[in-house]
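Novice: Please see the structure below; I have some questions.
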Amino acid sequence: MAERAALEELVKLQGERVRGLKQQKASAELIEEEVAKLLKLKAQLGPDESKQKFVLKTPKGTRDYSPRQMAVREKVFDVIIRCFKRHGAEVIDTPVFELKETLMGKYGEDSKLIYDLKDQGGELLSLRYDLTVPFARYLAMNKLTNIKRYHIAKVYRRDNPAMTRGRYREFYQCDFDIAGNFDPMIPDAECLKIMCEILSSLQIGDFLVKVNDRRILDGMFAICGVSDSKFRTICSSVDKLDKVSWEEVKNEMVGEKGLAPEVADRIGDYVQQHGGVSLVEQLLQDPKLSQSKQALEGLGDLKLLFEYLTLFGIDDKISFDLSLARGLDYYTGVIYEAVLLQTPAQAGEEPLGVGSVAAGGRYDGLVGMFDPKGRKVPCVGLSIGVERIFSIVEQRLEALEEKVRTTETQVLVASAQKKLLEERLKLVSELWDAGIKAELLYKKNPKLLNQLQYCEEAGIPLVAIIGEQELEDGVIKLRSVTSREEVDVRREDLVEEIKRRTGQPLCIC
């Protein structure tokens with residue numbers, strides 16, 4: 001403290017000296033020299049931490065989750081994981097941070113959103129931007145050529161968050177990917193089927209899945225006169241068509257990205273089209289587009305994809321949309337994105353997209369970027385945007401004023417008289433050992449009314465009540481919280497009766 005006080009006095013004196021020199025209109029060189037001394041003293045002094053008010057909050061773009069929010073999240077995750085497992089996926093995990101070199105050059109214009117870490121050892125690190133690039137690195141490192149995997153974990157982006165709309169800097173992704181050499185479009189169709197199954201199961205509203213193909217985009221841009229160097233940057237402009245008008249997109253391409261107006265008009269003739277398999281067939285006959293080998297390959301695969309989607313019974317949920325041009329650099333084939341739709345009444349006329357909730361595509365070259373010999377492993381996958389889904393489900397539950405249980409407790413062990421703590425402890429231990437989710441209140445002599453109220457507030461369905469008479473008779477009084485019906489159950493039959501009432505399997509092995 002004494003040392004700091006001495007420094008503060010020196011800063012004060014030096015400040016007075018600088019002010020005096022300025023009043024005396026001393027030479028600029030002398031003033032500059034004395035100002036430098038003042039700044040040096042201030043740097044030594046550092047900030048006065050005692051005067052700084054610490055604001056207790058989470059970092060920008062992040063949030064805490066309450067027990068209620070976590071209960072909603074667990075339900076959403078459960079739907080997603082059950083679907084992934086139903087389709088035969090294995091689960092993996094990767095580090096939350098990667099070598100910076102691993103992530104750079106994989107995301108195009110979005111690379112600027114990657115979080116960099118300062119490591120004391122000098123290693124250049126970054127927080128993962130998504131789960132796909134780490135998966136490709138994992139495949140190359142382990143020399144894997146065939147796997148169906150899912151991965152649920154947090155990713156990080158230095159984006160400008162809109163937290164009310166489910167956009168954050170730290171958020172979960174739920175990914176499903178199929179790696180390996182297979183016949184065309186079968187894995188791609190399954191990914192779209194999974195996407196539709198999950199969105200239907202979550203019951204968050206009507207949705208539409210837009211599909212396109214990177215080869216069609218590249219072929220279309222080539223025949224329209226876009227140079228190779230502008231392919232990716234024009235893609236990012238076209239991809240905004242779901243949010244802004246064609247005129248605004250055209251102005252950006254011409255004004256900001258230097259595209260000739262006639263080239264932009266030719267692009268506009270294509271990217272404003274959307275439809276089903278009939279549009280695919282129409283474009284296969286397009287005299288200009290058919291000059292591109294890339295575009296023809298993409299259209300041929302999309303035609304086959306629609307055949308499989310019809311067999312899966314989801315073709316009515318899919319729209320071929322030429323404006324879909326997702327910005328990630330690593331996509332090489334089919335790309336897709338699911339959007340929630342407003343109803344015609346909400347939208348005014350036709351259904352409109354109100355936000356992306358899932359996306360994915362084929363990335364056949366990404367693993368080869370990490371393999372020392374450049375060996376490619378074809379991959380296709382999808383990612384569920386769960387943060388937006390959490391927000392939608394939470395809003396729906398609030399609107400319905402629906403109570404959400406935050407625990408899974410099946411039974412509360414209660415007592416009707418005093419001095420029965422030991423008996424409650426013995427019984428709750430028996431229930432835990434039998435795999436029953438049970439609780440008791442942490443009081444020696446709780447009132448029965450307080451115990452019953454706790455069950456109602458927490459949504460616990462059953463109460464196992466111990467009394468002196470019940471102990472003499474070798475029974476436990478089992479009470480239903482909702483119906484208030486009570487029955488005496490022999491102690492040795494209690495576990496079986498609770499499992500029967502709660503629908504829990506009798507064997508936990």
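Cβ coordinates come from backbone N, Cα and C, glycine included.
Okay, so Swiss-Prot annotates it like this:
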- ALA2: N-acetylalanine (MOD_RES)
- 3-59: domain 'WHEP-TRS' (DOMAIN)
- SER66: phosphoserine (MOD_RES)
- ASP130, LEU131, THR132, ARG157, GLN173, ASP177, ARG326, TYR330, TYR331: L-histidine binding site (BINDING)
- SER356: phosphoserine (MOD_RES)
Novice: Once the chains shown are all counted, how many other Cβ atoms turn up within 10 Å of the Cβ of THR132 (L-histidine binding site)?
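Specialist: Its Cβ has 26 other Cβ atoms within 10 Å.
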Novice: What is the interatomic distance between the Cα atoms of GLN173 (L-histidine binding site) and ALA2 (N-acetylalanine), given in whole Å?
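Specialist: Here the two Cα atoms are 53 Å apart.
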Novice: Which of the listed recorded positions (SER66, GLN173, SER356) has the least company, meaning the fewest other Cβ atoms within 10 Å of its Cβ?
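Specialist: Each of the recorded positions SER66, GLN173, SER356 was scored; lowest Cβ tally within 10 Å is SER66.
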Novice: Based on Cα distances to SER356 (phosphoserine), point out the closest of the binding-site residues ASP130, THR132, ARG326.
Specialist: ARG326
Novice: Helix, strand or coil at ARG326 (L-histidine binding site), per DSSP?
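Specialist: Going by the DSSP assignment, ARG326 (L-histidine binding site) belongs to neither helix nor strand, so it counts as coil.
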Novice: For the domain 'WHEP-TRS' (3-59), would you mind checking the mean pLDDT of the predicted model?
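Specialist: Its mean pLDDT is 83.
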Novice: Using C-alpha positions only, work out which of the binding-site residues ASP130, THR132, ARG326, TYR331 is nearest to SER66 (phosphoserine).
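Specialist: Nearest in space to SER66 (phosphoserine), counting only the binding-site residues, is ASP130.
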Novice: Since the record lists ASP130, TYR331 as binding-site residues, which of them has the fewest other Cβ atoms within 10 Å of its Cβ?
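Specialist: Each of the binding-site residues ASP130, TYR331 was scored; lowest Cβ tally within 10 Å is ASP130.
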Novice: Would you mind checking how many other C-beta atoms are within 10 angstroms of the C-beta on ARG326 (L-histidine binding site)?
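Specialist: Counting Cβ neighbours of ARG326 (L-histidine binding site) within 10 Å gives 21.
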Novice: Using a 10 Å cut-off, grab the number of neighbouring Cβ atoms around the Cβ of ALA2 (N-acetylalanine), all chains included.
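Specialist: Counting Cβ neighbours of ALA2 (N-acetylalanine) within 10 Å gives 6.
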Novice: Pairwise over ASP130, LEU131, THR132, ARG157, GLN173, ASP177, ARG326, TYR330, TYR331, annotated as binding L-histidine, what's the top Cα to Cα distance to the nearest Å?
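Specialist: Taking every pair of listed residues, the largest Cα separation comes to 21 Å.
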Novice: At the Cα level, what's the spacing in Å between ASP130 (L-histidine binding site) and ALA2 (N-acetylalanine), rounded?
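Specialist: The Cα atom of ASP130 (L-histidine binding site) is 51 Å away from the Cα atom of ALA2 (N-acetylalanine).
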Novice: At the level of the C-alpha atoms, what whole-angstrom distance separates THR132 (L-histidine binding site) and the residue listed as 'N-acetylalanine'?
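Specialist: Each residue's Cα considered, THR132 (L-histidine binding site) and the residue listed as 'N-acetylalanine' end up 56 Å apart.
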Novice: Count up the helix, strand and coil residues in the domain 'WHEP-TRS' (3-59) according to DSSP, in that order.
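Specialist: With helix first, then strand, then coil, the domain 'WHEP-TRS' (3-59) has 42 helix, 0 strand, 15 coil.
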